[in-house]
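Comments concern the structure below.
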Protein chains: 2
Amino acid sequence: MTLSAKIVTHAESVPAGPSKKTLADYIFGRWLATAEEDEQKIGPLAGVPVLGLDALSSAAYGPEAALTLLLPLGALGLSFIVPLSGIIVAVLLVVYVSYRQTIAAYPNGGGSYTVAKENLGQGAALVAGAALALDYVLNVAVGISAGVGALVSAVPALLPHTVSLCLAILVLLTIVNLRGTRESGLTFSLPTYLFVASLGGILLWGAFKAFAAGGHPVPVEAPPALPVSTETMSLWLVVRAFASGCTAMTGVEAVSNGVPIFRRPTIANAQRTLTVIIALLVALLAGIALLARAYGIGATAPGESGYQSVLSQLAGAVIGRGPLYYVTMGSVVAVLALSANTSFADFPRLCRVLALDRFLPDTFATRGRRLVFSYGVVVLAVISGFLLVAFGGVTDRLIPLFAIGAFLAFTLSQAGMVAHWRRIGGARRSLWLNALGAAATGITLVVVVVSKFADGAWVAVLLVPLAVLTFSRIHRHYRYVGQEVNDSRPLDLSRTTSPLVVVPVQAWNKLTSRGLRFAVELSPDVRALHIVTQETQDDAPCALARTWDSLVVEPARAAGLEPPRLVVRKSTFRQFFAPLIEYVEQVRDEHPSRDVVVIVPDLVVRRWYHALLHNNRGIILKGLLRLRGGPRVIVVNTPFYLT
Amino acid sequence: MTLSAKIVTHAESVPAGPSKKTLADYIFGRWLATAEEDEQKIGPLAGVPVLGLDALSSAAYGPEAALTLLLPLGALGLSFIVPLSGIIVAVLLVVYVSYRQTIAAYPNGGGSYTVAKENLGQGAALVAGAALALDYVLNVAVGISAGVGALVSAVPALLPHTVSLCLAILVLLTIVNLRGTRESGLTFSLPTYLFVASLGGILLWGAFKAFAAGGHPVPVEAPPALPVSTETMSLWLVVRAFASGCTAMTGVEAVSNGVPIFRRPTIANAQRTLTVIIALLVALLAGIALLARAYGIGATAPGESGYQSVLSQLAGAVIGRGPLYYVTMGSVVAVLALSANTSFADFPRLCRVLALDRFLPDTFATRGRRLVFSYGVVVLAVISGFLLVAFGGVTDRLIPLFAIGAFLAFTLSQAGMVAHWRRIGGARRSLWLNALGAAATGITLVVVVVSKFADGAWVAVLLVPLAVLTFSRIHRHYRYVGQEVNDSRPLDLSRTTSPLVVVPVQAWNKLTSRGLRFAVELSPDVRALHIVTQETQDDAPCALARTWDSLVVEPARAAGLEPPRLVVRKSTFRQFFAPLIEYVEQVRDEHPSRDVVVIVPDLVVRRWYHALLHNNRGIILKGLLRLRGGPRVIVVNTPFYLT
């Protein structure tokens, strides 16, 4: 085929990356080529900090949240913490097994959105997407402020700097995540494993001491006495305690959502990571519950003097306030503050999937310099930064919203997996496991919504539909534009005529001649439009008209070109734009099949403030002609550079 | 001459004014044609309120300022007010006579700037311009806040609204002045003449009573007793009292600056207006001084309880606190607040003259819809509004600055007139009159600067050189641009070749085909540049490459046109702009004599927020190519309208 010889393909690698190191290169790292993707992938060791921080840090606040609600029962309340934790661990295990299956079924990232979309339809998928997005955003704000809260309660001198500390951690997380997935895994390994090792060690040592003492160990540092019972036990109280304790399960979906960041064998690595995370979490939750019971540790009233976190009491009871105590509490602070990192790994991927389906702007789907979806990282940082500032760095009131997002996404994902197994048939055991998961998380969701409704859960009930509506509106706009723009017909060149060119000319100078020279290159039909805004003597030809022949017409004739015509218009009201637009409209209507090009020579100044000294007619005119010119009018600014 | 037949001149009046009445028409009035200028001109009756408010209102604070400084002398101080006022009136009369001459010599507006420029050189002219500009700006802030200050001291309930009241008056003045000179004259006539009539009536009646009582009239309402003397008389004190009293002379230059706003006979009308203003001002100043002496009225300590303005004491002493008292005091308030209007008449004209000489941006020289220099009006309003807000509506501390601007301009103008008479020769009497004026105002200037230096005059000593420097820098930029742009050679069409056109093409749609169709109209040499940012299988041709022949090449051949070539570039780092700009630079360097046109099809959305959903590549690319493209690269956005 001879025609295709015209297609020139330069497939060689263009060295488009910046050649000298800029400041941005130092902060964010050099640009990574698309082909370097595999080197950015991670294994389970880095996977636990990247995707597990959210889940693991839950151990620091889940049991405490449940114990706080049991506070009015006094010592009696403590007897409920072990069975309640047992139920939570059971639900967690069900969720674990079903998410293992999800990972295997959706190796390209089986976030709740994808699973819901493929099995339950787009509507359910958008609800899941909105719920997850809410969860991720709140997780950043809640995680960072919980960590900073623990820090300032240890070092009260830092209290006035709460918001600044929160924002500093946010900036750190943002930069590390913009540097890429691998980098964030390495950065956050140390605090994660320190947390697991020190807290796990304390729990093991405490369990050994409790066993040795026949179930009644003597605390090194006695925890505060449990308060006198002020309420009698009721089912409602236990249900609410359960709902609060369920925040311990948030963050478990993160691995299934982030499968593609693992190196090969992808599925096995992702499943291993999930297993490690869940095993650690179950161990921590069970250990905390059992030792709290053994040492008689309850919650203390939050926000009152004498408040001490459950983990602090527990560490004090087992090992006393030695150096290890402080190392452990320091790692708790770090893990809480960094738990926001899970959102940074998953939120941009969620936005990307939504953008690929055209429910969010395209930009969310483009990968930045370090192969992460930078736009999502930045948007997440901005929204959660806004929340941190708005709430002054104290986000307790956001916690109920946060569990709802997570459990709504869980339930839809599990329900989607049930539909998945039914569709592909066969796998009965898998189907039942996911059905069990859906039931467990669904019931938990209902419990959380009902018991926390007045505490702020109603905001989530409002926000999720609002987000779904926004997604739909964006989608509708893109679909509409797609239809408008869609074209499979070949190029229609049947009516191609050279455009009619209008050049506004106010005086003779280099800008004018630059504009006219370009105009003559484009078309033989050029009109130089001179608008007289100053008062002049009637009918006296302006200077331009007197010299037009010698300046323009004669050189054009000499070059064998059609000379530009000078058109003079008087502006009664001293306006420049009104008569110009009117002339353009007139010319456009006189030539219904031709394009009309308006050339406005533009001065390119060397300093931005010099622009204040020049009329920026090019920009104004372009705006006006966008409004009034229509599709055939095209404004062109020819640049004139000051040397 | 046959060539000129090509020049089409449409000199007929284009109906460019808006055809249906807009909101702006109601607020600012309809657009006035340039030919309607004469109808906007005014006579002496409107001239007094337009150009005299500043001068006349000085009577309300000049004598009071002098008396305040004499306060420590007790009753003795009062004996100095008549001789001090005598000196001030004498200087005023000298200034009057010399400004009459200036008006005759400079019928096109003999502002200090113009007179200094023609006779003393550009440097002196810029100093005069800066001094006047400072004076005008401060006059707006000081006048409005003085009026509002008098109002809130009468109605203390309004005190918390001081700034809002100041801004409301500022907005009123701005709108009235944007409606045109004539309109502002009519609007401000009533308060001006009411002030002159009521205060003049009181002074006459008081003078009659004093005469009848043999120089010792009995006050209807006794003024507060004069304080006991705390200082002895010193020359320094009297000099400072004189310097303060000289604020009574500010505003006298306004008429000479605004000559062109008078109808014919222009000079006679302007001179008549000046005569009326000066006569009224002299009468008021003399009356106040004489009656203050006769009734034993001194200043009361400003800012302390029991404070009462001199005019209020005087009116109370002569006629008691009847209705006429309140009418008089009301007119004082109005005249003070509206005295800012003189600045609105003259500041824009000063800016226009500076702009015509290219010391300020051009825009200051263009007349708006009502034939006033609207830009100057708005800039004046913005600067003085800023001052009012910054000083919380209390601008006493600005008063010293204000007198310095005025007297500096006076002196330069008088000195300029001396040089004028020396140059044209002959008129000895005129020369000596102006020399006397220059000496009087020059000495006053020195007295004011020295005696008020620590009170804030040093700010003026800083601001004036700063303004002069700014004017010079602006001028230098314009001169530089003028040289760069200047061209008297005819159009050079020797190397005219069709441009090389680059169209970035990412997919086939109506935007793409619109852009390509336009490209083909412009040039036979069109390159469609496809940048592959997504990861693709190596060497597999993209969809566009596979369909290019049928979509583009064949239709172009069929239409007898050179088909656009498809150029495919892979972007290693997923960037879009970097490889595009690189390609443009490469093409530009390969064709050193041709223009390179980059066509970016642009979506025109119906709602501004839809723009958030689309990448605004056209705008970004234009900015980037302005930085890196150079003079031969021209970016064109072809609009595609969503229906």
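Residue positions begin at 1 at the first shown residue.
Yeah, the Cβs are placed from backbone N, Cα and C, and that goes for glycine too.
Any TrEMBL annotation is an automated prediction that lacks curation.
According to TrEMBL, the transmembrane segment annotation covers A:73-99 (among others).
As annotated by TrEMBL, transmembrane segment applies to A:120-138 (among others).
Look at TrEMBL and you will find A:158-178 (among others) tagged as transmembrane segment.
The transmembrane segment annotation in TrEMBL covers A:190-213 (among others).
Residues or ranges marked as transmembrane segment by TrEMBL: A:233-252 (among others).
Marked as transmembrane segment by TrEMBL: A:273-295 (among others).
Summarising the annotation, TrEMBL assigns transmembrane segment to A:324-344 (among others).
Packing against the transmembrane segment (A:372-392) from elsewhere in the chain are residues 136-138, 140-141, 144-145, 162-163, 166-167, 170-171, 173-174, 177-178, 180-181, 340, 343-344, 347-352, 363-366, 398: each is 6 or more residues past its ends and has a CB under 8 Å from a CB in it. If you look up TrEMBL, you'll see A:372-392 (among others) marked as transmembrane segment.
Summarising the annotation, TrEMBL assigns transmembrane segment to A:398-419 (among others).
The transmembrane segment annotation in TrEMBL covers A:431-450 (among others). With a threshold of 8 Å between CB atoms, the same-chain residues lying at least 6 positions outside the transmembrane segment (A:431-450) that come near it are 90-91, 94-95, 97-98, 101, 239, 242-243, 246, 249, 400, 403-404, 407-408, 410-411, 414-415, 417-418, 420-422, 457, 461.
As annotated by TrEMBL, transmembrane segment applies to A:456-474 (among others).
Here the transmembrane segment (A:190-213) has long-range neighbours at 48-49, 52-53, 56, 59, 280, 283-284, 287-288, 290-291, 294-295, 311, 314-315, 317-319, 324, 327-328, 331-332, 334-335, 338, meaning same-chain residues at least 6 beyond its ends whose C-beta is under 8 angstroms from one of its own.
In this chain, the transmembrane segment (A:273-295) touches the transmembrane segment (A:233-252); three or more CB pairs sit within less than 8 A of each other, excluding pairs fewer than 6 residues apart. Below 8 angstroms of C-beta separation, residues 65, 95, 98-99, 101-102, 105, 110-112, 115-116, 118-120, 124-125, 127-128, 131-136, 138-139, 141-142, 243, 246-247, 249-253, 256, 387, 391, 430-431, 434-435, 437-438, 441-442, 444-445, 448-449, 452, 455-457, 459-461, 463-464 of the same chain, each at least six residues beyond the ends of the transmembrane segment (A:398-419), sit close to that stretch.
The transmembrane segment (A:273-295) makes contact with the transmembrane segment (A:73-99), as judged by at least three Cβ pairs under 8 Å among residues 6 or more apart in sequence. Tertiary neighbourhood of the transmembrane segment (A:456-474): same-chain residues 123, 126-127, 129-131, 133-134, 354, 358-361, 397-398, 400-401, 404-405, 408, 448-449, selected by CB-CB distance under 8 Å and a gap of 6+ residues from either end. Residues of the same chain lying 6 or more positions beyond the ends of the transmembrane segment (A:158-178) and with a Cβ under 8 Å from any Cβ of it are 27-28, 140, 144-145, 147-149, 151-152, 184, 187-188, 337-338, 340-341, 344-345, 368-370, 372, 374, 377-378, 381, 384-385, 388-389, 392-394.
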